[in-house]
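Copied over from Swiss-Prot:
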BINDING   G169, G170, K171, G172, Q173, G174, K175, S176  ATP binding site
TRANSIT   1-58  transit peptide
Amino acid sequence: MATSVSTIGAVNKTPLSLNNSVAGTSVPSTAFFGKTLKKVYGKGVSSPKVTNKSLRIVAEQIDVDPKKQTDSDRWKGLVQDFSDDQQDITRGKGMVDSLFQAPTGTGTHHAVLQSYEYVSQGLRQYNLDNKLDGFYIAPAFMDKLVVHITKNFLKLPNIKVPLILGIWGGKGQGKSFQCELVFRKMGINPIMMSAGELESGNAGEPAKLIRQRYREAAEIIRKGNMCCLFINDLDAGAGRMGGTTQYTVNNQMVNATLMNIADNPTNVQLPGMYNKQENARVPIIVTGNDFSTLYAPLIRDGRMEKFYWAPTREDRIGVCTGIFRTDNVPAEDVVKIVDNFPGQSIDFFGALRARVYDDEVRKWVSGTGIEKIGDKLLNSFDGPPTFEQPKMTIEKLLEYGNMLVQEQENVKRVQLADKYLKEAALGDANADAINNGSFFAS
């Protein structure tokens with residue numbers, strides 16, 4: 001054992017020399033691999049044999065071929081700027097006094113994703129046919145929307161273009177759907193907001209959200225893709241519907257924020273930071289039923305261009321043709337249906353089409369049994385049932401249409417809330433059910 005230990009110690013103490021017989025006269029193989037490495041010897045060396053001069057191994061420099069650089073290269077971000085608000089805010093953390101930063105945990109100083117992975121929660125992407133086969137876009141509607149969006153992307157001399165386009169009109173007239181059709185036609189993926197996001201339990205949160213969504217749209221535009229901010233039912237979230245609605249701080253700040261963005265569309269800042277670099281101008285499209293409920297300075301002509309949408313008979317026929325396009329309903333029958341219900345909104349005809357499937361669903365329920373509906377719909381290996389398209393005749397459509405109209409009349413005629421306050425009886429609806437066996441007036 002002792003002999004082994006001493007032998008090992010002697011071996012370990014032997015230094016490695018390139019000049020003696022231990023190392024030999026050949027050059028040791030390098031640990032580097034690749035064809036781009038070459039061995040550089042001292043000056044005056046004529047043979048590969050190693051001399052007393054030091055050995056240097058360097059890598060040969062190769063010119064980078066730009067043609068090999070692809071968009072899918074994972075290292076492309078090292079030489080190109082992929083900056084966005086998420087990263088910019090994070091860089092400012094610790095560099096700005098906490099007095100001017102949002103409270104911890106509000107999400108304004110946390111980078112959630114890398115910029116090339118980041119997709120806004122409000123981004124609406126359309127995967128449908130851009131040719132819009134079977135769908136009808138009203139010419140007046142499309143003209144107004146396309147001209148407004150285009151004007152906001154142009155630099156017109158000495159002209160102040162309103163940033164906001166307010167589309168308002170009656171309920172169920174297809175304002176939002178027509179906007180989405182135009183966006184698809186133009187190849188725009190809008191940043192979406194709704195009235196429910198314009199109120200919060202935290203003061204100032206909706207106003208901050210508007211700024212965030214606006215800058216997200218500006219970032220998309222900066223990268224070469226058309227975008228806009230689309231707010232549905234603005235009057236429902238920021239308007240006053242009479243004395244029964246409370247005017248909150250958030251209502252006030254939403255109106256003020258939209259006014260400020262309309263006045264300074266290229267200088268929209270987020271809470272807790274200030275970036276001197278201007279953002280892209282983003283056109284804002286808002287819909288609503290009554291803009292008189294909004295703050296008057298917001299809807300003045302310099303800030304908001306207003307468009308009242310009231311579809312004509314030709315528009316209604318065109319939209320309804322698109323609604324019944326897969327049901328093989330003749331064009332003349334569509335015209336009869338539209339003319340039979342002149343006072344109804346466009347979504348009435350969509351509800352009418354859905355009512356026709358009631359008979360098919362009723363047949364399936366009677367054949368399956370009420371007790372087994374849950375198992376068949378949710379726990380079946382075969383999946384939920386599929387139905388063939390029922391045949392839609394003009395007689396059946398008119399019958400269901402009249403039923404929908406009677407339901408509407410009942411709501412206006414009965415008015416149970418007033419009856420509850422005035423008397424103990426249930427009103428006309430109860431009398432109709434007792435006398436006629438139906439809730440509909442005879």
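Glycine too: its Cβ is placed from the backbone N, Cα and C atoms.
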As a test of the contact definition, list every same-chain residue at least 6 positions from S176 (ATP binding site) whose Cβ is closer than 8 Å to its Cβ.
N232, T287
Please list residues from the chain of G172 (ATP binding site) whose Cβ is under 8 angstroms from its Cβ, counting only those at least six apart in sequence.
S345, I346, D347, F348
Select one residue from G169, G170, G174: among these binding-site residues, choose the one with the most other Cβ atoms within 10 Å of its Cβ.
G174
